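What follows is a set of notes on a single structure, which appears directly below.
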Amino acid sequence: MAAARPALTDSLSFCLAQLTAAAGEGPGGGKDPATNETALGRVLLALRTRHIKAAEGIERFRARGGLRPLVALLRRTAAAGPAPSQAASGSAPPSVASAGSSPGPAPAAESPLTLSAPMRLRKTLDLALSILANCCTEGACRSEVRRIGGILPLVTILQCVRIDSIQNRTARALGNLAMEPESCGDIHSAGAVPFLVESLTACQDSQCLQSIVRALRNLADSPQHRLALAQQGAVRPLAELLATAPDPALTSALVRALLELSRGCSRACAEQLSLGGGLGPLVSLASHPKRAIREAAILILANLCAQGLVRPALGNAGGVEVLLGELRRRRGPSGSSSASQQPLVRAVCLLCREAINRARLRDAGGLELLMGLLQDPGASAWHPRVVAALVGFLYDTGALGKLQALGLVPLLARQLCGEAGEEEEEGVEAASWDFPEERTSGQPEGGSFRSLRLWLISEGYAAGPGDISPDWSPERCPMPEPSESVSPTPGQTSMSTPRTLRKLGRVPAATTEEPWGQEGPALLLLSRFSQAPDPSGALVTGPALCGLLAYVTGAPGPPNPRALRILARLTCNPACLEAFVRSYGAALLRAWLVLGVSPDDWPVPHARPVHRSQHRELGEMLLQNLTVQAESPFGVGALTHLLLSGSPEDRVACALTVPFICRKPTLWRRLLLDQGGLRLLLTALTQPAPHPLFLFFAADSLSCLQGLVSPSASPVPLPDLPLELDSPSPCLYKPLLGPAPAPAPDLHFVLDSGLQLPAQRAASAAASPFFRALLSGSFAEAQMNLVPLRGLSPSAAWPVLHHLHGCRGCGAALGPIPPPGQPLLGSKAEEALEAAGRFLLPALEEELEEAVGRIHLSPQGGPESVGEVFRLGRPRLAAHCARWTLEPGQCPRKRALALTGLVEAAGEEAGPLTEALLAVVMGVES
């Protein structure tokens, strides 16, 4: 049997030649159109089914120049004649269409004279568009089609030929071309979007709709193009189709397109999607079994939250619960990465801007979710956004109580000095829709606003009806707090208008808007908490006070006046007095603001912004506020109760705080002296520290108390040595050491090393009862010329021999004293002191102790020497150490370091240290 003869259309060259010839013929050429279209149809069919679908067939077709005649053919066909009437719309096959030649009312009926040409044009267009769409799946073909002007003919076909199959292939070709940014811009410029939107509303075929939806999705490749699509009405038909999508494939295409169009959601996009009834279907699709559809629907809802106008409707449709549930799932143990949580976090925070959504969010467990975000160090970039969202609950008493119970206050305090999150700025359109921009001053107030204003006035947050405008919202106009006196006593005018607040930037709230930086939301919430009748449990704690003080002292410029008012409000509230005492808050205020030492600066100092004079004035003002509270009848009772009936920790804290906040002698004497507060504090020094800065606080407290006991005390000079060290007295022992001693020694003391030291028997016996009994009594040494001195080194014996022969201030006492920085325990100085006591030479002991003090406890000396001196165990030296530590004018840091050294040196034997410090504080040291 003979092999089948190959057809001419099997040759790509033949097909391209026929295509080129057809593209070069104008409408109404010399040949029979029917014959031409039939032959051309066979060529196009062969190109589509054999040549294009072959391996690398598209590239060969492009390389052989097939795209140019193909585009020319489309251009010729698009201009071949009038578009088929709307009655010919549909995807019915030609046989069905031609069967309707009999007259009748059927919509598809046409005369035979007008049917054949459009049908042939349709077949040509179908095949040519199919080939072009297939070719445009490759980047090189897309670029060439754009270069040869192939976009405009497609737009013309889309406009003129209203047949579903042709619209389908045209939209598919445009969608493929739109994958290139340059082609996408050209398609927009050619005006294709309105025709795609028109086809979207008129078409009924699912495949055609999917192609149009895909084309619109690919055309939304940039913010400008997405906005253009929304402004030309592309979103509403998509939303309307979503509610009636006949099959899952179309639903998937619609959701993907809406996801792309809603990125950076514009007002027009949100309006159209809402008006098209798309919110309800999107909420329903959030539980779709197919993951891609489900996640896309959730992200569309998250994108829509950027527009305030649609958020209330979104909440009514159930979007709040959907977004919270998805965010909770993604943050769970098997959740996804932080990047996938970001749009949901942003959406949930934006939902907090409307009251109706805040209520839904609170009831759905959103507060716990937001608190979890704040407590997560890995979510630190979102913390500023979350805090700003919580401002929406500013006047929701129930929500605030719940947030406080969940630990919001310390998180807010930490937020004041945290790292700035990388959050984009929200546009005006994201503002709360509770107060829309369209509101005018002449618009009558709604009942809800009147109720809000009446509540604010009744609760004391507004003094009168004019204090709050209907256009107020936390995001755009932070409510200024009323100017208030920082002192509860009207007579103290200096405390009512402190210079500190004026210097640090306080301005009258009624005349100038308060600054609203990154710290603004946190401060606004803290201010709201501080206005509670008793805010001590939340705000007068170590973390909260540290956060506020770190912000005030660490701000590069003037701090927000609201932070200063919070501190003033807390110190003026009698309900906070006990909390300030228990938490060492008063001591912290003095250390941080007045002395300039923060917890981070102890014991190693760190560089910080310096505004010491302003911070000092602020600290003194706050302590004065606490003094007013402490010296009131309520404060006296509270302090007395703490000192007598409080826990051991509270009693110590009260004793430590009294010198800072009590100035009345009768009060502090009763608390510290009569009721044992001072001895309690001194005893606690050698116990485990209840606060990281306890020893610093204690040293400062003892110094303040010393100033209260002796108000006119001046720096105490160190006792002078009997003889000036700079000009020592003549040495009386030196003549005995020369080659011709005069007078001649009548005995020698022999040391363990064999060294013999000359001495006078009479002088030695007269200087010490020990040597009087040894050398003049009935001991054998009284008859010996070589008297052994056991257990004595030459360096320790040297000051003893000098002292026995009358030397006072000759410098011999300095010999065994090591220089500062070297240990005294086990040194020659300790041995010399022991020898002076052993030989009953109290004057020598005093001289040696004074020498130790002169060298190791000089005013220029370091605090590390204080503990070394105390370790010698000498009462006079212990008093000297206490006096150096609490000396008026001493550097607070040195004082605290010295006290730390004393406590370490004392160990468990607290008695000597307690007595030494008590004597110095009370001014009764001998």
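Counting starts with 1 at the first residue shown.
Heads up, the Cβ atoms here are built off N, Cα and C, so glycines get one too.
Matching 18-49, 82-113, 306-337 against Swiss-Prot, the residues noted as region 'Disordered' span 82-113. Look at the repeat 'ARM 2' (181-221): DSSP puts its residues at 34 helix, 0 strand, 7 coil. Each residue of the repeat 'ARM 1' (139-179) gets a DSSP state, and the totals for helix, strand and coil are 33 helix, 0 strand, 8 coil. Taking all protein chains in view, 8 other C-beta atoms sit within 10 angstroms of the C-beta of S337 (phosphoserine). Per-residue pLDDT, averaged over the repeat 'ARM 7' (401-440), rounds to 70.
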